[in-house]
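**Student:** Handing you this structure, nothing more for now.
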Amino acid sequence: MSEYSLFTSESVSEGHPDKIADQISDAVLDAIIAEDKYARVACETLVKTGVAIIAGEVSTSAWVDLEDIVRNVILDIGYNSSDVGFDGATCGVMNIIGKQSVDIAQGVDRSKPEDQGAGDQGLMFGYASNETDVLMPAPITFSHQLVQRQAEARKSGLLPWLRPDAKSQVTCRYENGKVVGVDAIVLSTQHNPDVSYKDLREGVMELIVKHVIPAHLLHKDTQFHINPTGNFIIGGPVGDCGLTGRKIIVDTYGGMARHGGGAFSGKDPSKVDRSAAYAGRYVAKNIVAAGLAERCEIQVSYAIGVAQPTSISLNTFGTGKLSDDKIIKLVRDNFDLRPYAITTMLDLLHPMYQATAAYGHFGRIPVEMTVGDDTFTAFTWEKTDRADALRAAAGL
């Protein structure tokens, strides 16, 4: 991190319009995978005042009540009356999902599952850093925690005047690659019209900001921007149109690592935009957890219909205990990055995806979930179960 003395990342809440769209897309994916785990799904969502539109391509034997899924997601987030500007019970729902192209299917499907081709060409990145306990960059970690806490305070009634839409931004100061302070915090939260700015600022500072940001990182010159425009009453899909896939930096590393451009939500694991990015995080996190490097960024790339990656590249930014070339060899020896192998390695054919669609896909804690008769672990790409093998293979 020596190239930056300050670095800023942002996050958004589950009630942000783009995140509503992401959660709807992944809820549709989950419902289909729960019935047909080998389904091919690409679901896009648009939300605006009074309407939610879902579109895309699906190949499945399952039947799911798409309208009910869409409404439940919106209601669960907290948009349940015209007073907050959007109501999942009464909004219009339009479904224009079609079938997957047979040209794509013939390029992906194989008689031998392990030969499954990539669902599209593309490049994906994975990243890890030892600057936080979850091996993620601090600015995006704190940003996620702020909007998560906002949702907790809203839903629990701790701050009853909060509404679902919110955004956060955190600027961290670095010295020699380590976080030594937080220079600026921005938190904008939707609220009802009855709360005064004084009460809002005090409540947010005491029960959200100070609850999240470690006190030793705050200093006399830290800037706090709480609802800097004053009022934030109109929010959610009324304030802005929401679309699936528009928060790809929020979803990943907050700009600290590069991004191949592909979004995650609404895509089944045959789409390497999603599964290979998860695998990249898994590889990078295990490299850092093994002590092979303090920071690691990995890039993989694919050609449509081809199983083997077209490239695997790696950068430890001068923090590696071994050369990057030697670490790449360890990656090739210990991780199979073909699409089917990724799906198997990370056990991705379960309805786990709506949980990923807000507050970041990375830096989360692996958790056991049960949906119907299916019990599985979500966020498997956050496990560090390959670290010991990597350390041993490296001779450390």
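Cβ coordinates are placed from backbone N, Cα and C, and glycine is handled just like the others.
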**Student:** Name the residue range among 78-88, 100-110, 144-154, 320-330 that Swiss-Prot annotates as region 'Flexible loop'.
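**Tutor:** Spelled out, Swiss-Prot records region 'Flexible loop' over residues 100-110, not the other listed ranges.
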**Student:** Taking only the binding-site residues H16, A166, D240, K247, which one has a CA atom nearest to the CA atom of E44 (K(+) binding site)?
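**Tutor:** Sorting the binding-site residues by distance from E44 (K(+) binding site), the top entry is K247.
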**Student:** When neighbour density is defined as the number of other C-beta atoms within 10 angstroms of a residue's C-beta, which of the binding-site residues H16, K271 has the lowest density?
**Tutor:** K271
**Student:** DSSP on K267 (ATP binding site), three-state: which is it?
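**Tutor:** Reduced to three states, the DSSP call for K267 (ATP binding site) is strand.
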**Student:** If you average pLDDT over the region 'Flexible loop' (100-110), what do you get?
**Tutor:** 58
**Student:** Among H16, D165, A166, K167, D240, R246, K247, A263, K267, recorded ATP binders, what is the largest CA to CA distance in Å?
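**Tutor:** It comes out at 25 Å between the most distant Cα atoms.
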**Student:** Test of understanding: give the count of other CB atoms lying within 10 angstroms of the CB of E57 (L-methionine binding site).
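**Tutor:** There are 15 of them.
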**Student:** Tell me the Cα distance separating K267 (ATP binding site) from E57 (L-methionine binding site), rounded to the nearest angstrom.
**Tutor:** 10
